[in-house]
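What TrEMBL records for 6-45 is domain 'EGF-like'. Look at TrEMBL and you will find 173-343 tagged as domain 'GAIN-B'. Per TrEMBL, domain 'G-protein coupled receptors family 2 profile 2' is recorded for 351-592. The transmembrane segment annotation in TrEMBL covers 357-377, 389-408, 420-448, 457-475, 495-518, 544-563, 569-591.
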Amino acid sequence: CGFSFYVDECSNEETVACGDHAKCENVDGGFNCSCKEGYQPSTGKLQFKPNDGTSCQDMSSAIFQINHLKTPLEKLQEINKSTLGPLLPVEVVSYVEALSHSSWDTVSDSDSESLRNTTMSVSVLVNTVNNFVQKDKITVWEALPVDNQRRSLTKLLHTTEQATLLMSQSFKKTTQLDANASDIALKVFAFDSHHMKHIHPHVHTGGDYIKISPKKRREPYPNGTVAVVFLRYSNIGSLLSSPKNLSKDAAEPRHTVSSAVIAVAISSNPPTLYELEKITFTLKYAKTADKDIKCAFWNYSDTMNGNWATEGCELTHSNSTHISCKCNHLTHFAVLMSSGGSVGGANYNILTRITQLGIIISLICLSMCIFTFWFFSEIQSTRTTIHKNLCCSLFLAELIFLIGINMNNNKLFCSITAGLLHYFLLAAFAWMCIEGIHLYLIVVGVIYNKGFLHKNFYVFGYVSPAVVVGISAALGYKYYGTTEVCWLSTKNNFIWSFIGPACLIILVNLLAFGVIIYKVFRHTAMLKPEVSCYENIRSCARGALALLFLLGATWIFGVLHVVQGSVVTAYLFTIFNAFQGMFIFIFLCVLSRKIQEEYYRLFKNVPCCFGCLR
């Protein structure tokens, strides 16, 4: 037999362990913290660990009072009034909790007063839920940690469906009820068994069509009632579009919800009176796409953790604007499609491994470049200063990418990571532009003050990217970091705040190198005594052109993948991007005769290296 020991980890001062206004609860293998009544967690986590950044804040008086209201209608009216305006992320979680804890089955009489109350309750419920899911609340949801965001959103969907069903059971007579708001539509069918044969519940709204087909059964039908609820959400698809929400067996990574989210629920008394055979629906696309389309449903458990799945659903027809599906069960449905081409699960994993390997190699190579340009005194020049700063910018960008690109659980950290990536990548492009300008000044014979020029180079190389990032953050800070990765969002074309300046720099450098190539070859042909001078310029131009091709080609493939994604552009962009540091080391160091000589001097006394450098 074995022994087990109970350790009361909460016996020590719980306020010290969990923080002020928090309580401690022992669980297997440790303990959890939660906020005391009247307080709410700052991060939205209902259970948290000490020192994870969660503190218990004073709950607003409105939320606190809601929990002490007696009737569902009173609670609904109070929540509706309190959620009309702007909300904090933590308030969204608290109000959803308050809504989910309401009792919806208290209205059971069939008198006219009760029916009026039920109709009013349904209407207020729809308006209240609309306050949570309307378009201007999306950014508030996105500020929550991903897990809490999904759990609260799932709880909201579940509560809305169940509350409407329970209230619909109050309609003892045949009833059709519509309740609409800006971002949610609801339709209720309530009927008794005597009318069951003649009523075919369906709804046509927002370009979508939904119909249910019950199993056929022999008459006479037993006495009873049936309630069927249809719900349509216009804008919550973006909140449910994340690789973390796609079950491995159902849908591949990087799929997005490209339609409205619809829900169908049935309640009958007795339960066997009205059993579903199938549900058919036709949904309008939110985006145009023609490949990798799936009919999916939101599959969630009692813990309100959910993911998209496709079991029991099949695609029956599709065109450029609509898709038709058939499913053999009820829940929330939507259309999934690839976001940026058909990069499936296998390709996604391969691309991830290529990226990780490539960036590690690039970081090693970039560190060797920085060492070379920093410590070899014989090669110091304006050009090596430019290369040194370019390599430092790329090194920091790739290091941040490796560490933070997928750390999207903390919205603030993710946004900062995206902002730093934006800055250092723009800085790398700025220094590439500086190299083109520097070569142009040499070729056209401009006399300049070296110290003054270097100062202006540093201003352009580091201040101009900061200005671009600052303006971008001021205009669209919420687009730094997404629910998928810590990079710039493609929503509202915000990604072009990076791609735009990068493309402009590529264009400027192409024009500068056009002039350089023309001047070099013209002077080489006409002035034989100066061939050695222009041979040096030509050598520099070759390295600069290689650099332009490398960085330029990388982000040209990046633009192509954003605009018209495919497996080919995904692989090209990933390979060029991941191995940039290695290519730069080859072009700027390994192929440079001067640097080869410096390496030879450095390693000539090392026996293992002498033979290969000889």
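These residue numbers are counts, starting from 1, taken along the chain as shown.
Using the three backbone atoms N, Cα and C, a Cβ is placed for every residue, glycine included.
What TrEMBL says about a protein is an automatic prediction, not a curated fact.
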Ranked first among 357-377, 420-448, 457-475, 569-591 for CB pairs under 8 angstroms with the transmembrane segment (389-408): 420-448
Beyond the flanks of the transmembrane segment (457-475) by at least 6 residues, Cβ under 8 Å: 385-386, 389, 393, 419, 422-424, 426-427, 430-431, 433-434, 438, 494, 497, 501
Cβ contacts under 8 Å made by the transmembrane segment (357-377) with residues that lie 6+ beyond its boundaries: 384-385, 387-388, 391-392, 394-395, 398-399, 401-402, 574-575, 577-582, 584-585, 588-589, 595, 598
Average model confidence [pLDDT] within the domain 'G-protein coupled receptors family 2 profile 2' (351-592): 80
